[in-house]
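Listed in TrEMBL:
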| type | residues | note |
| --- | --- | --- |
| ACT_SITE | C327 | active site, cysteine persulfide intermediate |
| BINDING | G73, S74, N153, Q181, S201, A202, H203, T239 | pyridoxal 5'-phosphate binding site |
| BINDING | C327 | [2Fe-2S] cluster binding site |
| DOMAIN | 6-367 | domain 'Aminotransferase class V' |
| MOD_RES | K204 | N6-(pyridoxal phosphate)lysine |
Amino acid sequence: MSKKLIYLDNAATTKTAPEVVEAMLPYFTENYGNPSSVYEFAGISKKAVTESREIIAGALGADQSEIYFTAGGSEADNWALKAAAEAYKSKGRHIITTKIEHHAILHTCEYLEKQGYEVTYLDVDETGIVKMDQLKKAVRPDTILISVMFANNEIGTVQPVKEIGEIAKEKGILFHTDAVQAFGQLPINVDEYHIDMLSSSAHKLNGPKGIGFLYIRKGVKIRSFVHGGAQERKRRAGTENVPGIVGFGAAVKRAMETMEERTRKEQELRDHLIDRVLKEVPYVRLNGHRTKRLPNNTNFSFQFIEGESLLIMLDMEGICGSSGSACTSGSLDPSHVLLAIGLPHEIAHGSLRLTLSDETTMEDIDYTVEAIKKIVERLRSMSPLYEDFIKKSAR
Ligand SMILES: *Cc1c(COP(=O)(O)O)cnc(C)c1O
């Protein structure tokens with residue numbers, strides 16, 4: 001590709017790392033056996049699946065028997081909620097979650113509401129952090145599950161997961177966290193944080209698309225998600241995605257080995273981007289928490305601007321960003337996350353998410369800031385709202 005490409009949409013998906021692809025390749029070509037078969041040749045596939053499971057479990061402080069592979073983060077979220085709801089319905093039918101979850105959680109909750117479950121959607125403060133007093137008050141005798149994401153995919157806010165886990169544990173309620181954005185970027189230990197279930201997806205941490213897992217703590221009652229063969233200890237049938245699983249293991253190994261240095265570098269560039277935009281562009285705000293945020297996440301709202309126009313013009317400069325989450329893009333409703341942190345519709349519409357990778361350079365960031373400055377000025381010069389505002393403030 002000759003055109004310049006500055007990819008700043010790593011919250012939507014990431015590049016599969018070359019060493020991950022390399023680890024996967026033999027499982028398409030020479031080692032194609034079905035892990036369930038009995039002969040020695042298939043044993044190679046079976047062993048590779050087990051090794052990946054061990055790498056992943058080790059990264060979370062879990063046991064390998066607690067890792068269940070799925071076809072991605074959305075499936076893991078669906079499974080966690082639907083299966084816990086069914087398995088614990090004799091105890092109650094009340095679930096607590098937040099207003100800023102990914103749609104894989106929110107739409108599953110809507111489905112469960114139609115099945116007769118009651119869901120409390122917690123508010124967040126203006127930085128996107130769950131209101132703990134509200135959480136404590138929301139707990140009822142019939143509450144069976146608390147599901148709060150580890151870190152938000154749009155504004156990057158990291159939740160006080162340990163405190164939430166402690167409350168859940170104290171009240172004897174299951175705690176699920178969607179860690180799709182956090183796993184590989186932040187250290188996570190399921191025991192320390194009292195996590196009972198955790199969702200993850202490989203393509204958000206330089207692994208392949210279409211493979212994820214659900215961690216389920218030993219002793220948690222859970223129903224099978226896909227019925228059929230005996231794979232994944234009879235809980236999720238279907239021949240294993242062996243290359244995907246191998247790639248996921250390789251991606252997690254890489255993420256754990258590089259975490260400290262990689263996230264330090266990303267954070268430095270992130271802060272440089274934030275500082276420059278806030279200083280050099282007028283009428284802009286940073287969404288999310290200044291420090292309790294993912295090391296690679298930035299999210300801005302530019303007044304008097306349509307996020308979609310900004311995105312299109314950035315694209316013409318070779319810069320890939322997002323105006324919300326990938327699922328919100330293309331629809332005209334402003335992001336539910338930005339509304340939940342209290343942004344008015346017109347401000348939420350002018351939002352831009354830029355998410356970095358370990359390949360992002362200082363040069364990329366400076367080029368991007370210059371492009372933003374130029375585009376924002378141009379778009380505002382065409383905006384009657386901005387013209388009005390300037391006239392009024394001149395008076
Ligand atoms: C991407 C994402 C998902 C969905 O994962 P898929 O593997 O794409 O299905 C769920 N939750 C969060 C927070 C995400 O960022």
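Note that the numbers count up from 1, one per residue, in the order the chain is shown.
Placement of Cβ uses the backbone N, Cα and C atoms for every residue, glycine included.
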| remark: DSSP, reduced to three states, assigns S201 (pyridoxal 5'-phosphate binding site) to strand
| remark: DSSP, reduced to three states, assigns S74 (pyridoxal 5'-phosphate binding site) to helix
| note | Densest Cβ environment (other Cβ within 10 Å) across the recorded positions H203, K204 belongs to K204
| Averaged pLDDT score, the domain 'Aminotransferase class V' (6-367) | 96
| task | Among the binding-site residues listed here (S74, T239), identify the one with the smallest other-Cβ count within 10 Å. | result | T239
| request: Pop the Cα-Cα gap between K204 (N6-(pyridoxal phosphate)lysine) and S74 (pyridoxal 5'-phosphate binding site) into the table, whole Å please. | output: 12
| note | Counting across all protein chains, other CB atoms within 10 angstroms of the CB of Q181 (pyridoxal 5'-phosphate binding site) number 28
| remark: Rounding to whole Å, the Cα atoms of G73 (pyridoxal 5'-phosphate binding site) and K204 (N6-(pyridoxal phosphate)lysine) are apart by 9
| C-beta crowding around S201 (pyridoxal 5'-phosphate binding site), within 10 angstroms | 28
